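**Student:** Input: one structure, supplied below.
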Amino acid sequence: MSTLEFIKECQEKVFSGNHITAEDAEKLLNIPEENLKDLARCANEITRDFNGEKVDVEQLNNIKKNACSEDCTFCGQSAFFDTGIETYQLPSPEEVVSKAQKAKEEGAESYCLVAAWREPSRTDFEKVCKIITEINDKVGISVECSLGFLTQEQAKKLKDLKVKRYNHNLETAKSKFPEICTTHTYEDRLETLGIARDAGLELCTGGIIGLGETREQRLELTLELARLYPEEVTINILVPVPGTPLELQTDLPNSEIVRMFSVIRFLLPESVIKISGGRETNLEDSGEELLQSGANGIITSGYLTMGGNEAQKDHAMIEKIGLKSQ
């Protein structure tokens, strides 16, 4: 069987409602370079078949930029590293509502509230709940949250407030995780995802590629994501932050990024697969190729500690390649 025939066989499994195996995924991730376009094309056909031409466009609000207690080696907001990043406390509900309204007017269909802490204190959680209530009452945009570790009570409260989706990234493969973070475990992250799922929240999870992991470890992360089967996968591409242990990390080749997104699509045909942080910095085309290689979502107008494309530019890019953003 030729490589192209194998790719098509895997695609047919997906179209037939079956799952490809871990062995299939490994072979797909390791296909020869000359077949990479075949892999991307078939992943794109899966995306269109299961999800249509719509691209999920999201905006973030880093509502608390903090000196976080965790030592994640990629993060410019960790208190362990001297990165010179400005910190600030939770803004007023009025400030967040204004930004959420602007995001809606710019074509975002979801608005994610993100906070840099291990987990929310009781006081901070109550403030976030008030912000969510105000957005629901005054804006009417789909609210998502990324607030760190959750208790069962907090997850239930978010569900009661009509939060659609909870983000909590695995960050990397389990075998790589101890090199990336020592202040909590991989199991801690899985536990929070389970709590969110049990409360009825949709899941958004993923990680960062380009941390120095091997291709095998990217496969490991991908298979764990497939096991969780989240409604949304978010993949960041490392942008090294000066002052962090990964400040000198070399860029991941574009072909490795395409492989990752394409194989995730074979494993998760129905999920939103979102190109997140590092899109503009690492991809010369700002994601055009990936949106035709398995991805069907982007974050626009900036990230947690860095800027990004203006929404208008991203919507134009989506339309340029024949897809729809609204």
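The backbone N, Cα and C atoms fix where each Cβ goes, and this holds for glycine too.
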**Student:** Among K54, K64, K174, K274, which residue does Swiss-Prot annotate as binding [2Fe-2S] cluster at the site that also has C112, C145, C204?
**Tutor:** K274
**Student:** Given the binding-site residues C68, C72, C112, C145, C204, which one's Cβ is surrounded by the fewest other Cβ atoms within 10 Å?
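**Tutor:** Counting other Cβ atoms within 10 Å of each of the binding-site residues C68, C72, C112, C145, C204 gives the minimum at C68.
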**Student:** Neighbours of the [4Fe-4S] cluster site C68, C72, C75: Cβ within 8 Å of the Cβ centroid, same chain, sequence order.
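**Tutor:** So the additional residues around the site are E70, D71, F74, G76, Q77, S78, F80, A116, C181.
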**Student:** To see if you understand the setup: which same-chain residues, six or more apart in sequence, place their Cβ under 8 Å from that of K274 ([2Fe-2S] cluster binding site)?
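**Tutor:** For K274 ([2Fe-2S] cluster binding site), the qualifying residues are D56, E58, C204, G206, E232, V233, T234, I235, A295, N296, G297, I298, I299.
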**Student:** Around the [2Fe-2S] cluster site formed by C112, C145, C204, K274, list the extra residues of the same chain whose Cβ is within 8 Å of the site's Cβ centroid.
**Tutor:** E58, L60, S110, E144, S146, R165, Y166, N167, E232, T234
**Student:** C-alpha of C68 ([4Fe-4S] cluster binding site) to C-alpha of C112 ([2Fe-2S] cluster binding site): distance in Å?
**Tutor:** 19
